[in-house]
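A.B. asks: Have a look at this one before I ask anything.
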Amino acid sequence: LKPENVLLFPGGRAKLADFGWCAEFKSAGRMTFCGTMDYLSPEMVSRQLHDHRVDTWAVGVLLYEMLVGSPPFYAKSTNQSIHRILTADLRFPDTLSAAARELVRGLIKVDPENRMDLKEVLSHQWVREALESAP
């Protein structure tokens, strides 16, 4: 998941595109290393076994970028980016609400066991308030 692959349509609809590296999980996990560096989870960067929770991480990175205007782990070098990913080094602007920060932090956890699942995301205060205020 990355901004270039989210297509927006009139009426507020969004669709995901470019499933070129998409794979169906039929086992406990995968070892593939693919994608854009800014959106890779720590387990992918470390070339560890990973599962669907890499997508949860990517949702958090995408949400951060949509709210802040830049990817959370951007750095001058690849090594610096990798370090920031491996430590989940998040820096929020003061203008971002506490609820939005909490949601992003819940999605971007180094340990995939500690990441929010999508049910938790849908019931999160920030998401509920956004859905209630949507036209």
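Cβ atoms here come from the backbone N, Cα and C positions, even for glycine.
Copied straight from TrEMBL:
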type     : residues    : note
DOMAIN   : 1-127       : domain 'Protein kinase'
CROSSLNK : K2          : SUMO2 cross-link
BINDING  : E4, N5, D18 : ATP binding site
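How buried are the listed features, and what sits near them?
C.D. replies: Taking all protein chains in view, 15 other C-beta atoms sit within 10 angstroms of the C-beta of N5 (ATP binding site).
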A.B. asks: For the domain 'Protein kinase' (1-127), what's the mean pLDDT in this predicted model?
C.D. replies: 85
A.B. asks: Using DSSP, how many residues in the domain 'Protein kinase' (1-127) fall into helix, strand and coil?
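C.D. replies: Helix, strand and coil residues of the domain 'Protein kinase' (1-127) number 60 helix, 10 strand, 57 coil.
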A.B. asks: How many other Cβ atoms are found within 10 Å of the Cβ atom of E4 (ATP binding site), counting all protein chains shown?
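C.D. replies: For E4 (ATP binding site), the 10 Å Cβ neighbour count is 9.
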